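What TrEMBL says about this protein:
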- A:1-22: region 'Disordered' (REGION)
- A:Thr160, A:Lys186, A:Thr197, A:Glu277, A:Asn400, A:Thr405: substrate binding site (BINDING)
- A:Thr197: active site, nucleophile (ACT_SITE)
Protein chains: 2
Amino acid sequence: MTTTITLEGADQRSPGVTAPEGFRASGVTAGLKASGRPDLALVVNDGPLQVGAAVFTTNRVVGHPVTWSRQAVADGVVSAVVLNSGGANVCTGPEGFLDVHRTAETVGAALGVSPGDVVVCSTGLIGERLPIETLLAGVEPARDALSTTGGPAAATAIMTTDTVAKTADMTVPGDDGVWHVGGMAKGAGMLAPGLATMLCVITTDAVVDAATADAALRTATRQTFDRVDSDGCMSTSDTVVLLASGASGVAPDPAAFAAAVTAVAAQLARQLVADAEGATHDIAITVAGAQTQDAALAVARAVSRSNLFKAAIYGNDPNWGRILASVGTVPEEVAAFDPAELDVSINGVMICRAGGAHAPRTDVRLAGQREVHVLVDLHAGDEVVTLWTNDLTHAYVTENSEYST
Amino acid sequence: MTTTITLEGADQRSPGVTAPEGFRASGVTAGLKASGRPDLALVVNDGPLQVGAAVFTTNRVVGHPVTWSRQAVADGVVSAVVLNSGGANVCTGPEGFLDVHRTAETVGAALGVSPGDVVVCSTGLIGERLPIETLLAGVEPARDALSTTGGPAAATAIMTTDTVAKTADMTVPGDDGVWHVGGMAKGAGMLAPGLATMLCVITTDAVVDAATADAALRTATRQTFDRVDSDGCMSTSDTVVLLASGASGVAPDPAAFAAAVTAVAAQLARQLVADAEGATHDIAITVAGAQTQDAALAVARAVSRSNLFKAAIYGNDPNWGRILASVGTVPEEVAAFDPAELDVSINGVMICRAGGAHAPRTDVRLAGQREVHVLVDLHAGDEVVTLWTNDLTHAYVTENSEYST
């Protein structure tokens, strides 16, 4: 049985990407957002190593920054990440790709690094070109603002509909010395697997090579961001980048390294869920008794995508019938279970046992509980997976019907 | 290239299941609903033929009535259908199955037919037992109310959150004489394929055998109910029954028969969409230029399940970026297309051409238009499919968070 990572809340004042040694970051207002809020962030790896790895959306319609950045990380070397809110640069034609190219060149020149080692991330409305001159004019001020305490400023500059900046960090005391992992993320809607978040940068001062970094990042995202499914909608821009500076001089065991990256990613993922658009409940759907992890995940995902279930939770209604109805949509070849053996608990109360009503609905307390824990036991094996989602609320509909994002 | 059936509105005063010769129907108040509204319906086939066919939900968690009715139609003989609202009899344990059995026996005795030829359909809340004595006490009054003009009364008695009764009929003038197809349906939520509707009864006085009836019904449901995806939620109770009395004495060509059944099913499916919970727009998503029907359907379904897209339409925002983002989630092995060649039109305005912005968003008129037509051209083949869905509204959230259904 594989243990599932628990997503825990994190201190919002974490230094984030500048927690590890060897990194500087900044967040400035270039003028891309009508609101005048910060909209351009830089994260720079001062080394000595310049190791980079990244995982991207599996959407076939991707932003030009994703196309660029896939190339940029291909050799395992990343010197800097530039991120902007105020425009996703997706479906913007060949000009949009040139805009990314110019951004990387401008950042490269400002920092004295190769444009090919600059990852570019953009988030905002799809289908409209960025005001590229405005963005480029912001690069020098962003470079000048770089600081070893700039993590929170960078995390603020990448917010779109987020209500809070999302940062996390971890200090790992090893036998050979202390090393760190830090991170920041943005994303409040269009959160669905492959990946769950729009943009995330994780940094570390551990000494790791590109292969170790890549493996750790894939392990981490599979267990964290890929297990957040806020609204079933997959973004065209999702990017998670891991940068390693090696500045601690400590080369941790690959498993310990992956665990630390996973822990920081889990904290960021949990913050994404907590800030999901319009949500009033964060819902952890745990599927136990599955034959495989994939089976458990498929069942959890089916439940997380049921608008009827999510609306019921919004109404504080422990409507387990809607849970069973969604569990039942998973094909037999994907997840083995006998519908007559399904148990469902909500917040610790087993309201459905062996496919039928058990404890009274009124025993389940939902009102006033931000966290809701749903446990579905398939009684078909030993695997357990937890997926996080949110309730479906009036505010979600308002936010996504009144504004183009 | 296969032509897609257009779902057109139908006269709400259609006699429905009693349009064909050889059928009687009724709808009465047994007392299952707290509201005191009609909640028990009977449809009786007076022959001379008693041919029956049915298609059921593909959900693995099914109501006891589905389990019973699968057996009842297995021999191709159906004498009557009894339908109740006020309780779905799903996940109600072994007692729930006995309740269905007793219902069929009571109806069989009242009508003088075999219980094994009685199809039972129930709709309402999952997980609570029906007040079975109340239901059984309603069978004799329902039998006494049977009439050759009872179609509308039966259609009214099966309503749950439906705001209007749904009936349709068709008269087919053949070379050998006139024959008819009629039908009724209920369903306003949990509308998703396999099948789209909760309950539907279609009748005909054509002379057909069980195999022809079954083939025609499968053709019809595949092109109609399976192409409605209101909220992505599959029911545990979906049942579509076709009864043939042969009373017209006309044995139509199987293709003509399937076409007529499809036309009536299409009218009912369109009525389901028009009455979907809380909807302000009915959205027809047409995917053209696909290599296969399945590919087109997969793309249309991905769009229909995007809460972000559906909320945007509610806000009268022609947010084509959200359409492309959902199209891009369809795997390459399921639907071939080049993201750089995608065109999107909304209500006749091509706002996205070759994967990028084209006509201005402001050219698209959505406000005040109940019907919204989205056309996605994949430029990969000649197949076209239309799927119907609805917008995601505050009223949907209200209806599904404030009431257990």
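Backbone N, Cα and C define each Cβ position, glycine as well.
Just so you know, TrEMBL annotations are computer predictions that nobody has curated.
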Find, for the listed binding-site residues A:Thr160, A:Asn400, the residue with the lowest Cβ contact count at a 10 Å cut-off, counting only other Cβ atoms.
A:Thr160
So how many other Cβ atoms are close to A:Glu277 (substrate binding site), meaning within 10 Å of its Cβ?
25
Checking A:Thr160, A:Lys186, A:Asn400 - which of these binding-site residues have a CB within less than 8 A of a chain B CB?
A:Asn400
Taking DSSP three-state, what's A:Lys186 (substrate binding site) in: helix, strand or coil?
strand
Validating a neighbour-count step here. Other CB atoms within 10 A of the CB of A:Lys186 (substrate binding site): how many?
28
A:Glu277 (substrate binding site) - helix vs strand vs coil (DSSP):
coil
